[in-house]
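If you look up TrEMBL, you'll see C:32-556 marked as domain 'Cytochrome oxidase subunit I profile'. If you look up TrEMBL, you'll see C:49-71, C:91-115, C:135-154, C:216-242, C:302-322, C:334-358, C:370-393, C:405-429, C:591-611, C:669-694, C:706-726, C:824-842 (among others) marked as transmembrane segment.
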Amino acid sequence: MVSSDRGKAIVATVLALGASSVVSGCKDPVQTRYEPSDAAKSRGLVAIEKTGCGSCHEIPGVEWPRGRLGPSLAGFDDVGLIAGKLPNRPGLLAAFIRNAPAIKPGSTMPPMPVTDAEAQDVASYLYGLDSD
Amino acid sequence: MIEAVWGWPPPVLDPAGPYSAQVTTLSWALFALGVFVTGVVVVALWVAIKGPPNWKANLGGERAIWIGGVAFPGVVLTALLIWGLTLTASLTEPIRGDEMRIRVTGEMWWFRVEYLDPDGAVMMVDANEIHIPVDTPVVLELESADVIHSFWVPHLSGKKDMIPGRRTLLRIEADRAGEFGGVCAEYCGGQHALMGFIAVVHEPAAWQSWLADRMDTLANAAEPVAQESQRYPGDADLYPTEAEYLERYDARRGYDLFMETGCAACHRIAGSEANGLAGPDLTHIASRRSLGAGILPNHRGTLIGWIGDSQSIKPGNRMPSYDRLSAEDLGHIAAFLELQK
Amino acid sequence: MKSETGFDHALYERFPTDKRPDSEVDALNEIWKAPTGWRRLTAVNNNYVGFWYVVTAFGFFLAAGILALGMRVQLAAPMQDFLGVDTYNQFFTMHGTVMMFLFAVPMVEAIGIMLLPQMLAARDLPFPRLSAFAFWAYFVGGTMFFMSLFVGLAPDGGWFMYPPLTSIAFSPDINTDFWLLGIGFIEISAIAGAIEIIVGVLRTRAPGMTLDKMPMFAWAMLVFAVMIVVAFPSVILCTMLLEIERAFNWPFFDATRGGDPMLWQHLFWFFGHPEVYIIFIPAAGLMSMMVSTVARTKLIGYRLNVLALVATGFISFGVWAHHMFTTDMPRVSAGYFSAASMAVSLPAGIQVFCWIATLASGTIKWTTPALFVVGSVVVFTMGGLTGVMVGMVPFDWQAHDTYFIVAHLHYVLIGGMVFPMFAAFYHWHGMTSSKALSERVGKWVFGLMFTGLHITFLPMHLTGLMGMPRRVYTYLPGRDLDLLNMISTIGAFVMAAGVLLFVIDCARRFRFTVHDDAGNLYNGGTLEWLPTGLYSTRSIPLVRSRDPLWDQPGLSQEVADGRYFLPNSATGQRETLITSPVMAEPQYVQLMPGPSAWPVSAAVFTAGFFLSLTVQAYPFAIFCGIVAVLSTLRWLWETDRPIKQETAEIGGGIEVPIAITGSSSHGWWALNTLMVVIGMIGFMGVFAYLYLYGINPEVWSAPPPLGQTVLILTMEGLAFVAAWGGRRLLATKEGRLAEDLPWMMEALAVGLLAGALYFDITGWLETGLAPTMNGMGATVFMLMVLQAQVVTVAIIMAAYLAFREARGIMTTPTNVTMDVVARFIGFCALQGLVFTAVTRFFPGG
């Protein structure tokens, strides 16, 4: 019923990533800031619209829907933590999108029906929403 | 966003059945005629204004009016009319009476779909989706519960209005399997724009098994909360492990919430005590392709979003936003609804 | 040539007469002088009222155009939130309603009021105060209606307002009532204008201007006005029905109680489709005149063109149900309406080729009007062709209610009405502006509008075939609609830039004047280009051809020298020459009322009355209603006075009577037209009754007892006799005072009618039928309501008649007021007879 091995693997990844971010400080140094490609960003927007992420989130560039159930995703690259808990990194965000409850136990956000590649693209899109 | 049911090529010119195919032929003929006559008029204007004097002289008299304004349109329009009337007659052949029947009722702003057995009794209720087998004529009984709506699947046939107090009949037939978009075409107030549905055409065998699944659900509908494992619908590759999620959200708790918070006042789930008739029947909600009348993909995320905040998604729709429910409770309800296939 | 009225055509040989003294011109100027300052608003002369009318209608065009831009921004991309769903629905409803009812119909009517008197060389239209009333009712009502948008209360049911969406159950707020209110005003002003125009065209043409020599625009306006008279009653009735259903719960359209939503569609489209031609026909008339001017030659196929106009008007009443092909019509009906829809494009084809042939027979001069005229032919043809497409039933099933239709109707209306209107602005603005508009800017205006039009609407055909329904505030992404919609939005702004350029040029150059106008900029050949003042032409010319100014080069000077009819004021009052309807032979001199504040007051308080009803301020509504009625009576009071002078010399030694009564009088014609309107409303009411019986016979119950029916019919018959008797009685009083008996006969007639109505209503109530009960109750009592309306008017009329008699201003042996009252009461009696008989004998017990 539950593929617990996989779950553990993810948790391990999270912990590793989390640890590294603690080591390197809360905010990434400028040179390592994530710079997604435009192609990835536009694929990400398509995936967002196809999946209907807007049902719960307000997302810049998505006119509809603009749900208010979940947090707004504007200015994502400036948010310190994913879901107020996890270090904010693209790889982690992609994993979170695919399976939020596994990464943050107790998350309201359900697993999303997207492939791994799509989740990466969505993360790219969200990080590409520069507010600066 | 529902994929693959709309878009290029124009559905009106991309027929998926005999009732639309004949109209497509007519359409192309009409467009050709339109372009031709526009050309004639433009050329005539050019001749009238800049043409050689002897051409102008020919055009500048009553004879030109009789030829261009009376004889030519008279002949063309008569021919067209004969074609149009013949085609109208063949498209409105009397209904035999032994066709499969589906009753579709337009409501503000969604479609109630009832599959009728040969005696005309309702055997299964669904919403915003019409499943038909390929190469089989189907008669739709179109009704309205409130204001005038209009039923339109351009791939399959022209539209027909759904009028309060009347029952209009529309015969459709598909000659290829696929999913085709449908909409309400008559302005029906507020959310007319987001009132859509999907016509799903199956191969005959697939349709039989689809129907069997549905009937099976109904036959075993006494206990709406299944006891066995709760699998997320869809492709395993799309969903990584759900361990945590499934541990946390409890379909039985969702069922209780469904009954307590008022969902059941408007929605019916066969076999349960939920008997509301105002909103769409949710007996098979988990196997539908869309939420909100053909506007959102149907998965746990959008389901939670819809229940919790449908007014942001489709402002003015008749379902209130259940934003007073906690995120956890929404999860429970979604977990329960996912089991209603 | 055989004379129509006994007028000797040899008398025409006396014209032109000798030059008349210039002092007569000063007298004319003095008599026709417009009030100044604030009192200018009380002016009734067509030069003022017509101009205000045009400007107001154009204002609504701009306003509705701005709404369209808002809509295009919202639709530029999928799922935007520029206008919310509620605002968008109000916008598109208002765009359609304002364009159809506050712009198109009033605009063509306004152009008619502005141009017709000059084109026919009449001093003014026959009922100037009625024109003023029509304008003010429209101005005040239209403005208030539009204002509802700013408080979020604008109607949102689409311009054809289908119930039950617009019934109280689904539209509980007063938005819909605002629509019904706004339309109410247009109904009033359109009917008033139509009566004015019918009588004006048929009775105030210059002598010698036989029907065959009338300018095409006059023909078009005649057809237009007749169509209004036949078509508008239908919408008057259906707006009444809907308002009564909303306010008092009478179930006309409620299928659960024996009503039927389709009743609305039949009534509305019986008006709604002719409405399109009501808009198009006058514009086609303008086109015909301008084509001839820009090609600098006579119109080819004048008679064919007239025939086409009349045929269009006629056939257009047989096509209404082609808006309802998707409602599951019987095959035979669909076939008939499809055939009629094809047939109506034949006259359009004739007109298009008339214009092409005229262009070919002349030599075009590329002025701005020429550009708009030629552009209009192309655009209108394209719209007509898509019209033929949707006239094909199977194609319509696909195209109906999609953007294909949006494209079609905009091509037709812009090509058929808006472009001709802009052409006409350029062509005729020299009549009212002291400076000419820029030709260079005009060409830009045309270029932007023409390209913008195609960029906007050509893609919409495809948008529709892609499955986008009309009237949607947004659309979902991923349906390949994004690019098409973006193109349309860009086009809309290009077109708007053209209109804006026109407005700027008007602001820079247009200067209103009635005296030193810029004149005949494009060398037209018809009478409106004679030298004019507020009194129109100095003398009324004798017309010998269709383009008198081209055919008689000296005519302008002769007219200005007073060498034709009525070179002065024969009575020292405002007056015009009334001629016979076919041959335009001089018949009599009509005295015309001058400026007055009363029509303005009547219009403002009529508006106040309806607005108060809408917002449910009933006491204030009653107050406004009373003031409106009193104002109307006060305005009428000054008319129809005894005059000493019985005949007047109208030039050339010809003597004609002044202000006659009976069947040759212009008042008789106007009253008959009005009775046709009211009769059509009644006819439509009877149709509604029979229609609902046909749909829901199961709710029909037995009528009251026969004895009672006979009593009611007898009373109505007696009322008819009494009304007629009063008039006969007056005729026996020749040379004496009228005394009381004639008016008392009328009062008796009215009393009988009121009594009959009372028995009719109570009789039905006693059978247990109630208006809220079912479709039968609603329609039966609706006929009573219609009867009650006319009886109320008859009571007021009888009282007014008595009052006039008491003040000693009732002329004998005949009197226009008496004629009007007696005939109207007679009409009420006949209508009562029909209503009683239909409801009580059909379908019978």
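Here the Cβ of each residue, glycine as well, is placed from N, Cα and C on the backbone.
Using a cut-off of 8 Å between Cβ atoms, the transmembrane segment (C:216-242) and the transmembrane segment (C:91-115) share at least three residue pairs, counting only pairs 6 or more apart in sequence. The stretches the transmembrane segment (C:135-154) and the transmembrane segment (C:824-842) do not meet in space: the count of Cβ pairs below 8 angstroms, excluding pairs fewer than 6 apart in sequence, stays at fewer than three. The list of residues near the transmembrane segment (C:334-358) in space but at least 6 beyond its ends in sequence, with Cβ under 8 angstroms from a Cβ of it, reads 277, 284, 287-288, 291-292, 295, 297-301, 304-305, 307-309, 311-312, 315-316, 318-322, 325, 373, 377, 380-381, 384, 387-388, 391-393. Tertiary neighbourhood of the transmembrane segment (C:591-611): same-chain residues 34-35, 39, 41-45, 123-124, 126, 128-130, 132-137, 139-141, 144, 181, 184-185, 188, 571, 573-576, 620-621, 624-625, 627-628, 631-632, 634-635, 638-639, 643, 658-659, selected by CB-CB distance under 8 Å and a gap of 6+ residues from either end.
Beyond the transmembrane segment (C:49-71), the same-chain residues lying 6 or more positions past its ends with a Cβ under 8 Å from any Cβ of the stretch are 43, 82-83, 88, 91-92, 94-95, 98-99, 102-103, 106-107, 109-111, 113-115, 128, 131-132, 135, 138-139, 142, 146, 149, 418, 432, 492-493, 496, 499, 503, 512. Here the transmembrane segment (C:405-429) has long-range neighbours at 61, 99, 104, 107-108, 111, 114-115, 276, 279-280, 283-284, 286-287, 290, 293, 367-369, 371-373, 375-384, 386-387, 389-390, 399, 436-437, 442, 445-446, 449, 453, 456-458, 460-461, 463-464, 470, 502, 510, 518, 521-522, 524, 528, meaning same-chain residues at least 6 beyond its ends whose C-beta is under 8 angstroms from one of its own. For the transmembrane segment (C:706-726), the partner stretch with the highest count of Cβ pairs under 8 angstroms, out of C:302-322, C:370-393, C:824-842, is C:824-842. The average pLDDT for the domain 'Cytochrome oxidase subunit I profile' (C:32-556) in the predicted structure is 93.
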